[in-house]
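Record features (TrEMBL):
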type     : residues : note
COMPBIAS : 1-18     : compositional bias 'Polar residues'
REGION   : 1-154    : region 'Disordered'
COMPBIAS : 25-57    : compositional bias 'Basic and acidic residues'
COMPBIAS : 60-74    : compositional bias 'Polar residues'
COMPBIAS : 78-88    : compositional bias 'Basic and acidic residues'
COMPBIAS : 104-116  : compositional bias 'Basic and acidic residues'
COMPBIAS : 120-135  : compositional bias 'Polar residues'
COMPBIAS : 136-150  : compositional bias 'Low complexity'
DOMAIN   : 493-506  : domain 'SRP54-type proteins GTP-binding'
Amino acid sequence: GPTSMRSFNASLKSQKTVKSMIETKGGDKGKEQGGKKNKNAKKEAPAAEPVKGEKAKAPTSAQKTVENGNQGLTQEEIIQKKREEFIRKRMGAPVEKPSKSPKPVKEKPKGKEKRVWTLGGSSTKELDYSQSNGNGAHAAGDQGLDAQADPGMQLSSMKGDLLAVDYESSEGDEEEEEEDAVERVVVADTSKKIPKKGAFGGMFGMLKGLVGSKSLSQEDMEPVLDKMRDHLIAKNVAAEIASQLCGSVAKKLEGKVMGTFTTVASTVKGALQDSLVQILQPKRRVDILRDVLEARSQRRPFVITFCGVNGVGKSTNLAKISFWLIENGFTVLIAACDTFRAGAVEQLRTHQRRLNSLHPPQDHGGRPIVQLYEKGYGKDAAGIAMEAIAYARNQAFDVVLVDTAGRMQDNTPLMTALAKLIAVNMPDLVLFVGEALVGNEAVDQLVKFNQALADHSMSDKPRLIDGIVLTKFDTIDDKVGAAISMTYITGQPIVFVGTGQTYNDLRSLNARAVVGALMKA
């Protein structure tokens, strides 16, 4: 039809126009190349003068794009390419786009994988000890596991009295410090400021420079005693007690006439050491082994009650003391009177199984050497303790160790319950368990525990704290001030010192070693 003829003619015209445009572009390109050749020729032959009026035309941006797209194609191929593109556009065919890379398929995030513990076991039945009665009636497998638990445990290593806790105080260093102090010449002038050295080196140097052959006065010693108090507080002595100690040293030295400069430092140090040793040395000796033998001769058990605040190590150190007692041939009954804390009874039962595996019943006439007396949770602790003591008397146990729940000293109902337990059962020894990490809190704890025991006692002579168990002593290095604070407040000795996490880590207190650590600068 006429319409198709018109469109065909129009397409032919447009093709001719495109062709003419391409030819003109090709001519321009030839000119451009010719211009480039002329320029190169000019560079190669600089002597030749350029022709006037001729300038090389710079290629336009459209020409550059065409050149870039059609590099390496002949003139006919370029025309053919343009013709195909034009026909495609006219016919409405889609222009081919460069194919995009396919999108990666998103993987679903993995859930948390179940962790497999190497020693977890295949079933929870292995961990169920609820059917055991705590009196040694366990499967042989349990005994074997417990025996393997402490392969490095040294049996028969704790017979007799406990070893004294040792602190590695280098006496040679102290002697050298004193010799240096003797050699140093100090002018007796109180107005001069003496440079700070160590905590005690500077202190004794200052005091040495204060006086000649005159008597010591309070004003002379005041700056030195301030340094001394700060040093004691830094070593974990309670601030109130450090002040009282410095006051007692000042009273001892006040009015004392010093002959030479050299004796002042050693005299002050000696006075302080004597005061500290006097505090730490017990007024009465607590000999538990002797007392247990005496109670055995009277055919009654020796009863020890442990009390203290939460988390100081009552149950752990009770197990250590049990090990020490069975090493010395005594039979032990543990009374689980902590009926509040979850897991307290199970903890003691575990200790009992371990101790029985270290000292098997067949070595002691078929009788378990350690037994646990427990009535579960939520019961009255005083009643359980009374029943345990009666059971121990009937079964001829040598020692009853009563474990109580941890309680803060400000909790009046719990302190009343503790006082009731002690007043009703009248134990032979009441041990306060305190950790060596405490500072000023030691004073508050001991004062309030003693106050509660005195207030809620039913007799004229109330049972107060008889001794102290100092735990976590291996964590404090030379900051041993808690020992001074506790003994100063109660006037009672430190009976046991816990120095580690195994049954062997139990010591008695060595006053000289503790004072040596305390005096070390």
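For all residues, glycine too, the Cβ spot is worked out from N, Cα and C.
For the domain 'SRP54-type proteins GTP-binding' (493-506), DSSP puts the residue distribution at 0 helix, 6 strand, 8 coil. Looking just at the domain 'SRP54-type proteins GTP-binding' (493-506), the mean pLDDT is 93.
Mapped onto DSSP helix, strand and coil, the compositional bias 'Basic and acidic residues' (78-88) counts 11 helix, 0 strand, 0 coil.
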